[in-house]
Amino acid sequence: MTHGLSIENDQKAAKVQFNAQDPHKQTIVLVGIMGAGKSSVGRRLAQELKIPFFDSDDEVEKAASMTIPEIFSKHGEEEFRRVEARVIERLLEEPRMILATGGGAFMNEATREIMQKNAITVWLNADLETLWRRVSKKGGRPLLKKENPKQVLADLLTLRKPIYALADYEVASIDGPHKTTVDAVRSALNV
């Protein structure tokens, strides 16, 4: 019986170690389900680090000249994901930044690989009740425009957690001031 890491884990550990060597030069990509706080935490983190902030959802809307609900309604989720992947790839060609991604972006294997190759990925992990409190305050979430949206959110969380866990770092996104989560990200990354 061996106790070593698998090749996949060795590669992930090597990437984390590589990124940790100079996190001050790396783009930081925030991933997680809707309501995890990616945009709010990302904006504050970028301000503290004095680097640019981008939200991939905002950039998709600019590129498509439509809101995300309009894209979903007129073209469907598949087309939205295609545009989202292109936008994220373009953004990651830019110098160091904080990038908040849409909740489903990390689910796309090709998009995830681009993120992991070109940035430090941080999963903002929040429990279902925290997520529900946050997302139920806002409309405009196309994936929740269904009967029993809280159950839809719970199902999405269950489905996506194993993929989000592939991020380089996991940071708890708790109820309370966003500054708490910003500080936790900075502590995890030593930035």
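Note: Cβ is positioned from N, Cα and C throughout, glycine not excepted.
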Practice prompt. Please pick, from ARG160, ARG186, the residue that TrEMBL records in the substrate site together with ASP57, ARG81, GLY103.
Written response: ARG160
Worksheet entry | Cα proximity to GLY35 (ATP binding site), best match among binding-site residues ASP57, GLY103, ARG160 | GLY103
Response to the item:
Cβ contacts within 10 Å for GLY103 (substrate binding site), all chains included, total 23
Worksheet item: Once near-sequence residues are set aside, which residues in the chain of SER40 (ATP binding site), 6 or more away, have Cβ atoms under 8 Å from its Cβ?
Response: HIS178
Response to the item:
Neighbours of LYS38 (ATP binding site) among binding-site residues ASP57, ARG81, GLY103, ARG160 (C-alpha cutoff 10 angstroms), in sequence order, are GLY103
Item to complete: Specify the nearest of the binding-site residues ASP57, ARG81, GLY103, ARG160 to ALA36 (ATP binding site), where nearness means the distance between Cα atoms.
Response: GLY103
